[in-house]
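Q: Here you go, one structure.
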Amino acid sequence: MSGKRYRADAIASLAAFLFAFMNLELAYSGPSRNLLGFSVPKVKHILPSKQYIIANNTARANAQFRDTGYWQAGSGTVGPDGVSRRRCAVARGTWCGPYSRQTPISTRPVPRGSKECPNKCSGWGNCNYDSGKCECPAGRGGPDCGQEVKRPCSNRYRHPHEHDVDHAVGHIGPDKHDLNPFAPGWLASRCYGYCVDDLALCVCGHESKYRHIPAPPGSPPWTPPVQWGRPTVDGCMIGTHKDGRRLDWGLSYLKYEDVYGPDGWCNKEDPTHHCGCVWDGNAWPCDGSRRYEAFCVNQCTGHGDCHMGYCRCHPGWYGLDCSRKQAGAELEEGRLGEPWLQEVVVVPPASLPTPPTPTRPRPLIYVYDMPTEYTSKMLQYRLGVDSCLWRRYTEQNTSLLLSTTYAVEIYLHEMMLQSEHRTFDPEEADYFYVPMYITCFMWPVLGWADHPWWHAPYAHSRPMHVANMILEAHQWLSTSFPWWNRRGGRDHIWLMAHDEGACYMPTVVYNTSIILTHWGRMDLEHTSGSAYDQDNYHEPMKADTFHGWKGFDWVNKTTGHPCYNPEKDLVIPAFKPPDRLRHSPLLNGLPLVRDIMLYFRGDIGAGRQNHYSRGIRQKLFKLAHDGDWATKHRIYIGTGETLPGDYSEHLSRSKFCLVAPGDGWSPRAEDAILHGCVPLVVMDGVHAVFESLLDWESFSLRIRESALEAVPELLEGVAPERLARLQRNLARVWHRFAYATGPVLRQRYKFMSDSNDKDLPRDVREGLAKLPPRETPFQPVREFAFEDDAFSTIMQWLYHRINETR
């Protein structure tokens, strides 16, 4: 098994087993259950009821927040200098300010490509008229997309000795059904039914009612199947054949009758056992007969049709988001009549026939149309409606925001495409953004089937594939265009969003490029800290095992650089949808009495390898439990089972919140700051989010990893006046840790703020109206500082760095 899907399933199963024993109240410490060397107590902490900071309990508030000088984003009437000082509060260095004071540059005519593509891309792909190269969807490849590139369902990967096999191995026959269901071997794509072998998608087969019925032979490209069929992916693998014999690779509890019987999933409209609609855009009854809008970046700008993540551009339009038009062709308006498109799509100013303004702000960023192998094919292969995304549509075509771990990867690409900073002219670009869906490849694409690989069919070394993929992309950039070589890559921006960021990025790319990352580890000599073996980046492949495979020497090409260099790189926030901040004053939530000294809820390392989180979470949990810190100090360290309740509420009533690593980065700093909780940072030699830009010492505490035993004493020694100063400074910058750029997020932030205002009881609202600003630094924020959100902060920093890339 490979990929985070299987990792998540294993952890979920382990957690379910583990926490079944944690059901006692705090008063009973009880015996412990030893799991992989980690002693987990049977304990549950029930927190007392929350208290609002309103006029009728200001005595308590005054004791907590007696310092003066409150500031809130958007408050007051000030002049230009005051605005600059306000926006640049707590900033470090000179990066903040010049962006807002810049003189915009004139808008220029947009260059449009005219290079024709071979064979009109065989009717399958989009022609990129800048390069004259075809951009092909899943299932197609070659210079003109005329080549079939199959991803068949399979029971195995290629063997190490099969280095001369240049196609993915499958286990399906000409009828697209399993060659022999009794043959051993499991992969997530193994299929008892019909395999759609462009995608390794298993659907109902045989003669069932909801089977897949392909388009007639000889149909033109993009002809849809007569019937898609209901999905039957790995969670719906039957464990018995129709003759009753056991299928070792299937689920023992799932019988043939559950799926293929008269009342089964593949035959009855509303069966007893459901397998789910699975792929993006597939609505109930899940057979492809009813569709909703699938996700594509910027929804193809209204100039293309979205196919499970791939934009099939309308005639003459091109680019991954179909935002560009062939030279000499008329620029018509996009098809944006549907309300669900209007609320999402932003037509980039550079693609409009008439520029909306005569000037543009810098930095100007050219977004590469990377080969689809690195981008849209990942979305087509992902076969999970939420996987990889930051937003998607529901069956009613309403926008739904997601909280997937690596959502920033797609979000940043989409915002770059929509941005006023985007230029279509590489000659005038200040920067070049290189979009690659690396985390999406790592999970759930990698290992699902025997394709794609970079390069050996070895799912147990994810960094190998990522490093070789980036090397391949670098080769493409440096040989296809002049822009990398012009400045040696110093003006090229890459995002490395996975757990250990750029630690295993190829040196030839890392040493000069700008890296956006979540992991700010700075030591030059480093080894992997992930407790997930598949992500161990310092373990080389065995040359004798994979002799003949390209890229087996990848480790030698990734060493000699830190994971992060604050002189050129930036630690950026993880993506957090506003719904996760329900009780935060940032979203107009009513301030709560902060009666929790220190809070952490999450993975405490139970059942993990000892080096997970550098041992910090495990040790702190043990100290807190053994020392009864919850009772003595109001320090709560635990999991969702041991600390039940609303996570956003708990953060909003905490003075300090733990920021410690996991397998690498962890989004705990964002959780804390976006709820007004002062971060307690415990990770030696690692920069936190925006630490090179903001004065973290003014709104956080940092202690050595060796000082965990002293945490209660240290926190209780923080004077109320100092705590108030930390909180005031936090209130000056917290909006910079939230992504609010783009119409979907802007609308959602406003909706959440309005909802919090309306939901307040009348007596609470009246008490709040009487509350002087000095009572708490965290007055409800009614107007979010959109101009200084996380994305805008990145743009401001890039503007400051333009000269350093020259």
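The backbone N, Cα and C atoms fix where each Cβ goes, glycine too.
What you are looking at is a predicted structure, and each value in this text was computed from that prediction instead of being measured.
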Q: Just choose from C117, C136 the cysteine that TrEMBL connects to C127 via a disulfide.
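A: Among C117, C136, the cysteine that TrEMBL links to C127 by a disulfide bond is C117.
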Q: Choosing among C136, C191, which residue does TrEMBL name as bonded to C145 by a disulfide?
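A: Of the listed candidates, TrEMBL names C136 as the partner.
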Q: Go through the chain and flag residues at least 6 beyond the ends of the domain 'EGF-like' (113-146) whose CB is under 8 A from any CB in it; none is fine as an answer.
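A: Distant contacts of the domain 'EGF-like' (113-146): 198-199, 220-222, 304, 307-308, 310-313, 317-320, 322, 324, 326-328, 369, 371-372, 376-377, 380-381, 480.
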Q: What average pLDDT does the predicted model assign to the domain 'EGF-like' (113-146)?
A: 98
Q: Cα of C117 (disulfide bond) to Cα of C145 (disulfide bond): how many Å, rounded?
A: 10
Q: What's the most sparsely packed of the disulfide-bonded residues C117, C127, C136, C145, counting other C-beta atoms within 10 A?
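A: Comparing Cβ neighbour counts within 10 Å for the disulfide-bonded residues C117, C127, C136, C145 gives C117.
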Q: Reported as an integer number of Å, what is the Cα distance between C136 (disulfide bond) and C127 (disulfide bond)?
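A: If we compare the Cα positions of C136 (disulfide bond) and C127 (disulfide bond), the gap is 9 Å.
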Q: Within the domain 'EGF-like' (113-146), how many residues are helix, strand or coil going by DSSP?
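A: Tallied per class, the domain 'EGF-like' (113-146) gives 6 helix, 8 strand, 20 coil.
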